[in-house]
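Undergrad: Here it is, the structure in full.
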Amino acid sequence: MPGPPGSLEMGPLTFRDVAIEFSLEEWQCLDTAQRNLYRKVMFENYRNLVFLGIAVSKPHLITCLEQGKEPWNRKRQEMVAKPPVIYSHFTEDLWPEHSIKDSFQKVILRGYGKCGHENLQLRISCKSVDESKVFKEGYNELNQCLRTTQSKIFQCDKYVKVFHKFSNSNSHKKRNTGKKVFKCKECGKSFCMLSHLTQHIRIHTRENSYKCEECGKVLNWFSELIKHKGIHMGEKPYKCEECGKAFNQSSTLIKHKKIHIEEKPFKCEECGKAFSLFSILSKHKIIHTGDKPYKCDECHKAFNWFATLTNHKRIHTGEKPFKCEECGKDFNQFSNLTKHKKIHTGEKPYKCEECGKAFNQFANLTRHKKIHTGEKSYKCEECGKAFIQSSNLTEHMRIHTGEKPYKCEECGKAFNGCSSLTRHKRIHTRENTYKCEECGKGFTLFSTLTNHKVIHTGEKSYKCDECGNVFNWPATLANHKRIHAREKPYKCEECGKAFNRSSHLTRHKKIHTGEKLYKPEKCDNNFDNT
């Protein structure tokens, strides 16, 4: 039964309600970009209708587009443009001062644009709003993803905010209400816009996914692929005017800028810590809940975040997609490659204000600062020993558990820390990465080179507060201090004897094993017994 004048007649929604048809003359007026946009929009509108179960049979227009045929309508001499789906609140809230018929004409005309041809006509098939048909309920949000109605300015009555798209105005109103009516059948996640749900579904189906030829990574969006390719090229077009740091994405630069202005609007209700981004706050909250929803199928280790799991999986697969162009070394994480590159450039942008020492990584500077403050935040519950870094505590705890997960493939020796294994491997390769500029001597460890340099400088920077004795190296000072403290942390499990140095314990253990401490070298001299 028809409604009263000015009301919307309810009826089933069809593809023709959201489609535009061209005559041959009109189609020829469009350039390549406009034609491609038209094809893209028609396909997307059709997919949305199919997803909602509205489109039963495939329209002739879609068949033409799929076959690569020109979609102009031979039977028509002018374009037919039916209005998009609308709902009654648009009449009340968004178009208070305009006739709806005029608004439709302007929206369609500006959305697809005049191509400059004076003979290109546009006719609205419905002469009044009463003739527009909308589905009775459930699809009032469909208009948000129908791009046939762009570039019309609307105003939200709540916030008096101006929008340049019909869809933006409606989605803004939806955000105000906070409703999430579109639910994913696969994982149950809800969205306030159908277009967002459509995008989300591609994650499950991998539909229209884009693969990187460089490393094989699959991405859901072409724009993401373009951004990702910048990682391989090392391209960083977005530069911070404040500190000069460059980024490969504008969004990363925007996040970075908040460091300088120290804007931290997102606060944790649990501990009061504030963050510049909501996403960082969300990640931080997991610390309090202890939630680790992402589990590795290979070793069953669990992680707080999906990105951490992805990085972890590369340990099992041995995948190292990030390669240094300078020396050819491969890395399983892009961040590790970025850190590594600074070795070649010699760049050390992070300087300690206390002693002037410079570092190539901010994390190293933060770690270094704790030497001056004496802060040791990470304490072992087993023996009470405190550490500057959490990684040091993790490695230390393996002393108590006896766990040695890092094994050398060359000789089978196992270690409790990854760094210890890396150092050990250099024994087999005889790799001396770090060379002394003074005498040319090579070392497998940078710390050993640093210690060695003291021989040339004669510098003794480490002084004992107890007796005033000065030492070249902090390790020597630490060992010396145990004399005053009478501390003997290294205990023999065999007889219980304790030592203040691990080297002394190692030497002592050979007494129990019967191993000779010093093995004489083979002597070729012959002696006469007479």
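The backbone N, Cα and C atoms fix where each Cβ goes, glycine too.
Source: prediction; values computed, not measured.
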Undergrad: Considering the residues Lys236, Lys264, Lys488, which is the one that Swiss-Prot annotates as SUMO2 cross-link?
TA: Lys264
Undergrad: Quick check on the annotations: Swiss-Prot lists zinc finger for one of 102-124, 125-147, 148-170, 378-400. Which range is it?
TA: 378-400
Undergrad: Can you check which of 66-88, 434-456 Swiss-Prot lists as zinc finger?
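TA: Per Swiss-Prot, the stretch marked zinc finger is 434-456.
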Undergrad: Can you tell me how many other Cβ atoms are located within 10 Å of the Cβ belonging to Lys264 (SUMO2 cross-link)?
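TA: Step by step: centre on the Cβ of Lys264 (SUMO2 cross-link), count other Cβ atoms within 10 Å, giving 15.
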Undergrad: May I ask which of the stretches 294-316, 378-400, 434-456 has the most CB pairs under 8 A with the zinc finger (462-484)?
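TA: Maximum Cβ contact count belongs to 434-456.
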Undergrad: To what whole number does the mean pLDDT across the zinc finger (294-316) round?
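TA: The answer is 83, the mean pLDDT of the model over that range.
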Undergrad: By DSSP assignment, list the helix, strand and coil residue numbers for the zinc finger (350-372), in that order.
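TA: Secondary-structure composition of the zinc finger (350-372): 11 helix, 4 strand, 8 coil.
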